């Protein structure tokens with residue numbers, strides 16, 4: 001049953017009389033799993049005395065009615081007050097968004113795990129979970145070299161290949177060629193030896209393929225009813241993305257570069273096939289066999305120097321952790337985390353609105369042990385660090401840059417730092433009122449926009465650029481996704497008001513905010529729902545006082561987030577105008593307002609009124625016109641909420 005009220009009514013009506021002495025032994029099979037009980041209207045059945053908790057009920061039936069109760073069994077009951085709008089733990093009063101989260105909390109916090117694994121010491125709530133743990137973790141496929149255990153044979157094979165260099169090979173019965181797996185052998189036998197068993201014939205034409213994937217692409221491309229045409233030539237195909245690949249031939253695009261010989265390719269598959277020339281591997285997965293000349297030779301030995309083995313993800317993570325740990329221990333670099341609109345301590349996850357409070361808090365965490373423990377539990381690829389007060393802990397030499405600090409630690413003090421995985425850290429200089437990008441000098445008033453700017457513009461340079469907007473990308477797949485979402489999906493119309501949007505995400509946001517669709521943000525205390533995370537936070541701060549509001553120092557306005565208060569402060573009181581119009585010199589607070597201002601010079605009127613088709617330069621002016629001139633038909637023609645009109 002989806003509704004708890006329906007469950008209550010069903011239990012009362014359908015199960016009035018039941019033999020509990022016979023029912024309980026059949027259904028309760030483990031003493032370590034508490035029985036879930038609803039105590040909404042809890043009272044004694046013998047004397048109808050209302051009681052608040054299960055403990056009060058037990059004490060009542062023992063003291064008043066003389067019943068026996070064995071307290072040595074521990075927690076036997078999990079009490080709930082079933083309510084579809086409120087999920088609150090009755091044992092500690094914690095609140096949750098759903099029943100599953102609340103139940104998981106109760107199992108984790110309010111039950112003793114009596115079943116302990118004698119091998120590793122982990123504890124479990126029942127014997128079933130303990131047996132499952134032993135079968136997965138301590139019984140399986142053991143590596144004979146390092147004695148490590150794996151729960152699947154393919155994981156053991158991958159471990160032997162990466163760690164011990166042992167390659168599992170399969171040999172062709174016809175020519176003794178060696179392959180990595182049985183699938184590559186089948187492809188080889190069908191392609192090279194023409195074995196009919198491993199050749200796939202097309203049902204529509206004489207085409208023969210050696211893999212199911214190749215046959216699927218062939219059928220979709222040539223024999224599909226849906227046809228896509230190239231607008232530059234007569235090429236046709238049944239697969240849309242093949243048109244994009246085909247157009248590269250017209251434009252001469254070769255975005256995939258070999259890192260060894262710098263040869264360029266139009267497709268990543270061609271680059272992968274080319275790379276096998278440098279690695280000594282032929283196409284199809286077959287390893288090239290090196291023929292050794294057994295006759296004596298007096299010439300110089302031309303055996304190539306073995307290349308350095310590629311680092312695995314586990315190796316890179318281990319190196320990254322050690323690099324950052326060495327810097328944290330031997331310098332004044334301060335690591336930190338960022339979540340939505342707040343700074344977080346790297347070691348204890350405490351939340352701070354001001355960077356100065358975070359810096360003062362760091363004095364609590366002293367010692368190398370806590371830094372080592374934090375890095376052992378860190379799984380991200382980079383660490384955000386503050387270098388406002390940068391200095392070396394080992395000597396008094398003055399260092400101002402993170403890169404100079406690393407070079408100094410390696411050269412002067414012999415610190416173990418491996419640069420094969422990069423710097424592993426992103427440096428910032430945190431300040432309460434302004435933060436600057438250390439790469440380009442761009443200035444921001446809060447850390448959130450700076451972090452977005454850093455990830456977008458300074459994550460790494462690339463030669464793969466968008467022809468439309470000039471943004472660079474790490475590989476061709478990201479570029480194609482960018483073009484598809486930003487430059488190709490133009491003209492998406494809102495079904496409610498007909499407004500156009502560039503992407504589906506912007507259309508979805510518009511529908512949520514202006515047409516009251518999909519209110520998914522539910523208050524954690526009451527039953528109200530909201531269109532956005534901010535509106536719910538504002539409601540909970542004003543109505544339920546769950547967090548302290550931030551008050552402006554110059555006017556009575558209050559804000560939920562510090563970033564919004566800083567925006568209000570700069571715009572209203574400080575009159576910051578850093579964005580200047582190149583035509584008339586007008587100054588704007590941010591780039592969006594300057595963009596709207598530029599419509600006056602260009603004469604563009606992209607916002608039309610749905611009632612009279614009159615066009616306007618900005619959405620704000622169009623909404624004001626609609627509210628003033630067509631207010632009587634507003635509910636039928638354009639259902640904007642009053643809170644958005646006139647903003």
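Here the Cβ of each residue, glycine as well, is placed from N, Cα and C on the backbone.
Per TrEMBL, domain 'C2H2-type' is recorded for 115-143, 141-169, 170-198, 228-255, 256-283, 343-370, 464-487, 492-520, 521-549, 550-578, 579-606, 607-635.
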> Are there residues at least 6 beyond the ends of the domain 'C2H2-type' (141-169) whose Cβ is under 8 Å from a Cβ of it, and what are they?
Replying inline: 178-181, 309, 312
>> For a three-state summary based on DSSP, what are the helix, strand and coil counts in the domain 'C2H2-type' (228-255)?
In response: 12 helix, 4 strand, 12 coil
> Apart from its near flanks, which chain residues at least 6 from the ends of the domain 'C2H2-type' (550-578) lie with a Cβ under 8 angstroms of it?
Replying inline: 341, 353-354, 443, 445-446, 448, 534, 537-538, 541, 587-589
